[in-house]
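The structure appears right after this line, and notes come after that.
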Amino acid sequence: MGEAVADTGGRAAASAPFAIELRGISKAFGPVQANKDIDLRVPKGTIHGIIGENGAGKSTLMSILYGFYKPDKGEILVNGQPLAIADSQTAIRAGIGMVFQHFKLVQNFTVLENIILGVEEGRLLRPSLAKARGAMKRLAAEYQLNVDPDETIDELSVGHQQRVEILKALYRQADILILDEPTGVLTPAEADHLFRILEGLKAEGKTIILITHKLREIMDITDNVSVMRRGEMVASVKTAETSPEELAELMVGRKVLLNVEKTPAQPGAKVLEVRDLKLVDDESVERLRGISFDIRAGEILGIAGVSGNGQTQLLELLGGFPEKGARVGGSIRMNGQELDLTGSRSDAATRRARGIGHVPEDRQTEGLIMDFTAWENVAFGYHRAPEFNKGLLMDNAAIRADAEAKMEHFDVRPRNPNLAARNFSGGNQQKLVVAREIERNPDLLLIGQPTRGVDIGAIEFIHKRIIELRDAGKAVLLVSVELDEILSLSDRIAVMFDGRIMGERLPDETTTGELGLLMAGVTDTAHADASQGIPPEHKHIEDVSGGAA
Amino acid sequence: MDKMPKWADVILTPLISLILAMGISAMVILAIGESPWLALKTMIDGALGSSYGWGFTLYYTTNFIFTGLAVAVAYHARLFNIGGEGQAMVGGLGVALVCLALPWPHWGIALPAAMIGAALFGAAWALIPAWLQAKRGSHIVITTIMFNFIAAALLNYVLVNLMRPVGSMDPASANFPEGAHLPTLSGMAANVGLEWGKNTPVNITFLVALLACVLVWLLIWRSRLGYEIRALGQSEPAAMYAGISPVRITVIAMLISGGLAGLMAINNVMGEAERLVLNAVEGAGFIGIAVALMGRNHPFGVFLAALLFGFLYQGGGELALWTSIPRELIIVIQALVILFTGALDNMVRMPLERIFLAMRRKGRA
């Protein structure tokens, strides 16, 4: 569908060359064609979104642009000049800067030291540091990129670390900034701030390429958007002339329901009663500071919050595997029975036997053994079940048959149980885990970040299964950093901040703004209306909580 | 999909590594003015050319199977047990204590009892490092290697001060009673009227070692314990999530590993020396690491690699005996094989992978 590209030049098409122009870029990894004949034109001074499912080839394309991979075919033009980008140094010299999804910062260096890393001039650091300090002051004033230059990285919030990455790129004279999934780790307020920064950069004539899978961000901030699917560029359109529904359909290749359809909950008896749960980790940091809530049969309790505010610890503790050396207190009752919190029957196997299923937040290090086959993984955690064992040995035939059935039910592709888990896409890996846990029909399902790194088609599927489980009268505890997901799935929403539950809301009676404030530790909701959901410039989230709590 | 076929990885890579190691060995032999061709011929004749040679080769192979399996089992839990040497030494002590405890009427009774002794002592020697690793996070490589030295010192003390028969000048235990002597393969062959491997030390333990290969295979790939060991080895957070106790599995995997290393003593102490001597293990514990590496931690691979090292050991001995190539050079050859098949594995694998990829691409085009 290359023909759609031609009219995206917009106002810049007539005269000025494009900031970035790709012509016929192709790249194969072995038998996998990651990029197929890609054309892309990014006009100067615009924000250009690139959207696509996982594995659609977005990251490969950007890595080619940044000199990490060499394309098999095709041509790259930067500001109208053909350029062979052999390594990232060439890209930087051409004015291309990249902000990776996983920051590349030295944790125990200061902000300044990180900024000059790799571009130090001379043998002594002092002149370079002084120069960078001056530059930072200027950039901070111009683009609201305020960061304390003398703070070490590990003292900074995630949002500030991201600003350091942007500063690094700007300090290297980047005119074209590529951001890979920049909002994945941010609160709504931090994301808004980032977008204000990007708008400012655009106003100064910088070109920004934003890679994301969030349709809302594309709609909010970009001028043009290109959609990738299975290694091909399927469309490039002006953002103003498209809709989220159309983009989703282009991404997946079929119609997608963006909103989850569900009937009102029919809550039954209390399944899980959590009282005053506390957890202090082995570095004596209080991770849970007295969590209490109930979940009834047939309802979904959603826990919203920025990651790192105790949700992980809560899930792990409920699932029976708190981190090593943690001290815990409080009580958990499951179907009216007290659960062992610390003793020999507090492990994950006992929890499963009590009817608790668990889709962990991190499927790659917890939920799956990446080098095990799919069938071995589908028994994982339930490998002691009598139907999977035959005398002293495991009944591999029975496990394989069970895995085949589950892969069929959950439409896991490719449907090959002998393939290692790592060879499945993110969405299909997640389907393996969800299938394993849901098909056991647990009384309570703990599910953390159910759709992190999962493509849109699979998101829809997994959401449906969660609702089905609820409608079958089971309790669900949903933890997610995606507010949209929490809002669309939950029957009740609890917001966690700094190891506490800041409040409970009903999804129909709250707003993203209000939840965003709670996520930042502000409980005073009257204040929320005044500031329209965006807290004042908060340098450290902790400061805000200190004032409010 | 980006990789080469499994058979190439498992067979071709070690084979090419081996050929490279032999090539460099040949150059070293040339450099000292000897004929590599003659050296190779001497080694093959000496180790594989007669039933006598085979009798020794298989004897060494038996040792290496046990120590190789020991390293492999621990490795599946991502524990690098390099204490096979010490565990086999202490296993020997277990064998000696069992064999000397009773006037055994028949080897058929003495063997299972000695096996229990060997495995228990070997496992016990692995227990403390395992416990320290599981509970305190002390690195198993450090602790097991230290336990090798402790084992050597312990054995020295026990042999000199406790087990040495009165009046003997030799730091060794008394000879084992007649009923604790294991049948040799040559003896068993003679019983059915075959003349094979006369005066060679290979004994019934070789068959026990083969059985151990099968049992380890069942353990790792067919049993629930093996599943849990492999799961822990791949990812500790995942193991915790699945309700698998890392402490329990770490300790159990090391006990099995130590037990297997200890079982080696059945071969060298009970089967060959028929008494406990100092330094009975002769480095077989360390060879086990190379065997497991080369055998890809698979029992069948371990068997093949053990056979190769058995050949190198026996062939090397022959080389020292019949040529003027100094004994030290044999160690150089063995070291080269370890270097290429173990440490430099990727040097061979990466180009090989690239070749396979190129071939595949061409095949498609």
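Counting begins at 1 with the first residue displayed.
Each residue, glycine too, has its Cβ placed from N, Cα and C.
Feature annotations, reproduced from TrEMBL:
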TRANSMEM  B:12-32  transmembrane segment
TRANSMEM  B:52-75  transmembrane segment
TRANSMEM  B:87-104  transmembrane segment
TRANSMEM  B:110-128  transmembrane segment
TRANSMEM  B:140-160  transmembrane segment
TRANSMEM  B:202-221  transmembrane segment
TRANSMEM  B:249-270  transmembrane segment
TRANSMEM  B:276-295  transmembrane segment
TRANSMEM  B:302-323  transmembrane segment
TRANSMEM  B:329-352  transmembrane segment
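The listed stretches are B:12-32, B:52-75, B:87-104, B:249-270, B:302-323; of these, B:52-75 has the most Cβ pairs under 8 Å to the transmembrane segment (B:202-221). By the count of Cβ pairs under 8 Å, the stretch nearest in packing to the transmembrane segment (B:329-352) among B:12-32, B:52-75, B:140-160, B:249-270, B:302-323 is B:12-32.
Against the transmembrane segment (B:302-323), the recorded stretches B:12-32, B:52-75, B:87-104, B:249-270 differ in Cβ pairs under 8 Å, and the greatest number is found for B:52-75. Among residues of the same chain six or more beyond the transmembrane segment (B:110-128), those with a C-beta under 8 A of the stretch's C-beta atoms are 81, 83, 86-88, 90-95, 97-99, 104, 143-144, 147, 151, 179-180, 182, 204, 208, 251, 254-266, 270. Sequence-distant contacts of the transmembrane segment (B:87-104), counting only residues of its own chain at least 6 positions beyond either end whose CB sits under 8 Å from a CB of the stretch, comprise 66-67, 70, 81, 110, 113-114, 116-126, 147-148, 151-152, 154-155, 158, 163, 173-174, 176-177, 179-180, 257-258, 261-266, 268-270, 275-276, 280-281, 284-285.
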